[in-house]
């Protein structure tokens with residue numbers, strides 16, 4: 001399955017057009033780069049301040065929003081300047097790898113961690129891999145299914161006494177492992193190597209969509 005490679009957005013004061021490219025991204029997430037988080041916060045402040053200014057009929061709220069944006073941007077600029085790397089390969093820019101959405105085997109009461117059990121394979125030999133635990137909704141569903149009918153200690157707020165260490169999603173959750181993907185993970189893809197093309201070593205931020 002092909003993947004889509006997306007370069008990270010510059011911060012808004014370097015390219016103002018990025019604010020309008022993704023108007024719906026207003027909540028910073030861990031999958032975003034630092035500049036993309038700043039852009040998301042700027043959009044959120046803009047929307048809120050101008051909405052309140054229109055409702056209250058008071059332009060001072062818009063000015064307050066612009067002041068907050070200026071403070072956030074200044075803090076980002078000063079922080080970026082302090083943490084500037086002295087890496088010799090300073091021309092290499094990280095990029096985000098956005099994985100294509102695909103079907104997955106969801107958690108169930110009989111198989112909370114979506115493992116390739118004998119029963120699961122008998123039901124569907126061509127079952128897709130288990131859904132990613134990085135998905136907050138899926139992680140919550142797995143925990144609920146695992147804890148269903150389980151005698152729990154009410155004082156165990158960190159969930160350390162219910163055998164979570166022994167039960168987890170296995171690396172391979174299909175009938176057969178994907179040896180091609182594993183080989184590419186170990187030795188790289190069939191494309192150029194770092195020696196042939198330095199851009200092949202560009203650091204990446206992996207973003208999971210499903």
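Each residue, glycine too, has its Cβ placed from N, Cα and C.
The shown structure was predicted, so the numbers you read here are calculated from the model rather than taken from an experiment.
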Matching 12-33, 34-55 to Swiss-Prot annotations, transmembrane segment lands on 34-55
Measure from the CA atom of residue 131 (disulfide bond) to the CA atom of residue 194 (disulfide bond) and give the result in Å, rounded to a whole number. 32
